[in-house]
Structure formats: structure tokens, C-alpha cells
Amino acid sequence: NKNKKKNMSFYIGREASKVGDSVFVDRFIFKYNLFVIRLWKRICAETTTEINLLAENWKYLLAGIVFQYIHGLAARGVHYLHRPGPTLQDLGFILLPELGQEKAYISETLFTFIFLSFVLWTFHPFVFKSKKIYTVLIWCRVLCFLVVSQALRIVTFYATQLPGPNYHCREGSKLATLPRPDSIFEVLLINFPRGVIYGCGDLIFSSHMIFTLVFVLTYQRYGTRRCIKQLGWTLSVCQSLLIIASRKHYTVDVVVAWYTVNLVVFFVEKKLPELPDRTNAAATLLLPLSTKDNKDGRTKEENHKLLNGNSVVDPADWRQRTQANGKILEDGHTNHADTAMNGA
């Protein structure tokens, strides 16, 4: 009898554990399916919004992308003018130890990490609930900053060609000077990506630092995580040091990039319209995505007046309120700040 009772209790316990495991699995599958459905709906809704924005701003995006090719073409052209010579005296080369050709990949690896991280962040509204930005509008601004900075860069490295400090640009290297092209198509194709990686002559100022600083400055303004902002600036400094230690650029190329890109972003951003604040649901409903008037005849300015609770507002006062309410604060304190600004 005792053995029967033990076997029975063991059987009941085993069956109960099976039932418990089955319930747990069913709950997990249900929550997983619910998560996938919600994620798919979020992606579809965001895709529709971004497509509407893309239909209005595709010209700016296309112009920015085309200029990236023009910038690569200009860098390819200056390589034909490059003449190798003794490496110039440089304070950064004296202070920083040389990494060597074997470790030159470190700076490229860090740059790739920064580049991919920023690209993923610009597409985070498709996945996460906390939607602070519009992907299309962010890339319009980023490309605008890049175009202005790269245009200044083209002017500077064509104005004066310096002997490249990189290993493949030094005297004795076959890649230091390109042979005369046989046809115009050889120049137009720019031998991507080898022609970009092994370019010479496009020194002042660093293209890697242009991209890095534009990405960090953009996240500094529109990102929400203070720790990521601090990490971004730290990585920018590390990127600068690695570029010099890898002998890819002179110190002056990096220094000029730091103040030029910051000034470009500062002045160009003043000319660009403020991004709409996605943290305010009323703003999303009232503000049309198009720069044209609404169907009911209201303009963007009138909608902003309604949003701020004013019937008649001076245009200068409207701009201040829009920028104050549209500023993205750090670590999710946006709602509190908006409430305090509106006097509630």
C-alpha cells in the first residue's frame, strides 16, 4: 500500500509538472505571437509615414546621395595630382606611437562601428515605441551637413596638395601616384571601394572625422540617452587619435575637421526648419507633413498657434515656443518639461 501511494503521488506530481510546463509554453507562445503582431503593425504604420515624407523630400535625399559620388570623384581626381615626398613634421606623429600597417584596421573598425550604430539609431522608430524622430527628416539634415562639409573639404585639398603620410602614399609605393587615365570612364568609375581606401592627396580635412562628428552632433541634439552621447564624444576623440596614430592623416587634418564640422552644423542648422516633436501627440495630429497648406486652408503657422493655445501670436514668439517645445530632452523627461513650459 505504501509503495502504491508513493507511486501514485509521484505520478500525480509528474503529470502536474507536465501541465505546468504546457501552460508556460502556451503563455510564451501567446506573448511571442502578440509581440510579433504589434511589431509588424508598428513597422507598417511607420513605413507608411516615412513613405509620405520620402515622397516630399526625395529630391533632397537624392541630391545628398549624388554629392557623395561627386565627393568620391573629387578625391579620385586629386590622387592623379598627388606627388609623394618626405612626410611633413607633425606634432601628433611625435606624441603618438605609430600603429603600423598591421594595426591600421583598428581605426577603420571603430569608424565602421560608429557608422553602423548611427544608421541603426536613425531606423529605430520602425521597431521601438519611443519615437522621437522621423528617419527621412533626420537623413535630410545629416546629408545637408555632409554636403556643406565635403564641399569645403574639396576646396581645401585641391587648393594645396600635401605629400600623404599614409604608407601607400609614400615614396616608393606604386599606389602613391596614379598613371594617366586611358579614358574618362576610368576616372568616373573611381575604382570603388579600392580607389577610396587607397586614395592619396585628399588630406585637409579628414573625411572620416566629418562623418563621425556629424553623426555625434546629430545624436547630441536629437538623441535621448546621456550615456550614449558621452560615449559618442569619447569615441570621436579615440577616432581622432587612431587616425593620427595610423598615419592616415596629419594632425592638422583632424584639428581642422573638429572646428569646421562643428561650425558648419551650427550655422546650417539655423537655416533648416525645426523637426516636429513626436513626443507630443497633438503636434503630430495638427501639423501636416507637407509644406503646403492643409485641405481646410490652415497653414503650418496657424496650426502651431492652435497647438500653443494662442489665437494671435507674433511670428518671433511662435518660433521660440516651437523650438522650446520641440527640444528632445534626455532620459525620457520630455513630458515633464512640456507641462512646465505650457504652465500646467
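Every residue, even glycine, has its Cβ placed from backbone N, Cα and C.
Listed features, source TrEMBL:
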- 60-81: transmembrane segment (TRANSMEM)
- 104-124: transmembrane segment (TRANSMEM)
- 136-158: transmembrane segment (TRANSMEM)
- 196-219: transmembrane segment (TRANSMEM)
- 199-267: domain 'Sphingomyelin synthase-like' (DOMAIN)
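Helix, strand and coil residue tallies for the domain 'Sphingomyelin synthase-like' (199-267), in that order: 53 helix, 0 strand, 16 coil [DSSP]. In this model, the domain 'Sphingomyelin synthase-like' (199-267) carries an average pLDDT of 94.
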